[in-house]
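If you check TrEMBL, you get these features:
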COMPBIAS  40-64  compositional bias 'Low complexity'
DOMAIN    127-255  domain 'D-alanyl-D-alanine carboxypeptidase-like core'
REGION    31-64  region 'Disordered'
SIGNAL    1-20  signal peptide
């Protein structure tokens, strides 16, 4: 895996999830601080997921539920009315429309996984992931290949600046009201975490489509991704919880233990943090 050095003055490239698509596809996806200390261990995180718990009919945290060390919960601080994650390098960081990554955050361990990419061998921003996630992606792609399934990575890491450029371009294209429904606000995209990868197949002509769920590649990922620490981040029927449309191509690395628990209970990451017991 090749190390990736992020240069602050680098030119923002408008590529990634903005590649052509079929059906509905969401492009993913110095400020004055308020005097408030970070809320540790997911107090606001669990509070924000109360509605998700009610809508899913899940049980409240209990002795028999899954457990998780406190360090893996979001630690947040209010910045101009936005809940900003103070421990963004956390593998289990919950990034969504409520909890944002800092505008200055860029993972220090980005590498280019040795997998097939939809755009070939181009050494570009979206071909990178955090090292642990990249290693897991390599293992997952290798296992799929052994089963006769050929996967292609389409879009991984995306900087805050590039996400901002994508949103502005979409606003210019369709207007702000429609743009914010399709493109994540800068800081609220999982791609900035370096832990997410959009995956496609040759059968889909390397596009990101809802039809991907019906392909042998999409089915294999649905059934096996958790074995390598990945979850389908925006599942069908959970749009009201995740805040995003169904994306059968978007997979997020959370580690094998959490991924298996999320898969077995049919949870979203939001529901996982509502159910998990802090230890």
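Along the chain as shown, residues are numbered 1 onward.
Including glycine, each Cβ sits where the backbone N, Cα and C put it.
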**Prompt:** For the domain 'D-alanyl-D-alanine carboxypeptidase-like core' (127-255), what's the model's average pLDDT?
**Reply:** 96
**Fill in**
Counted with DSSP (H/G/I as helix, E/B as strand, rest coil), the domain 'D-alanyl-D-alanine carboxypeptidase-like core' (127-255) has 65 helix, 25 strand, 39 coil
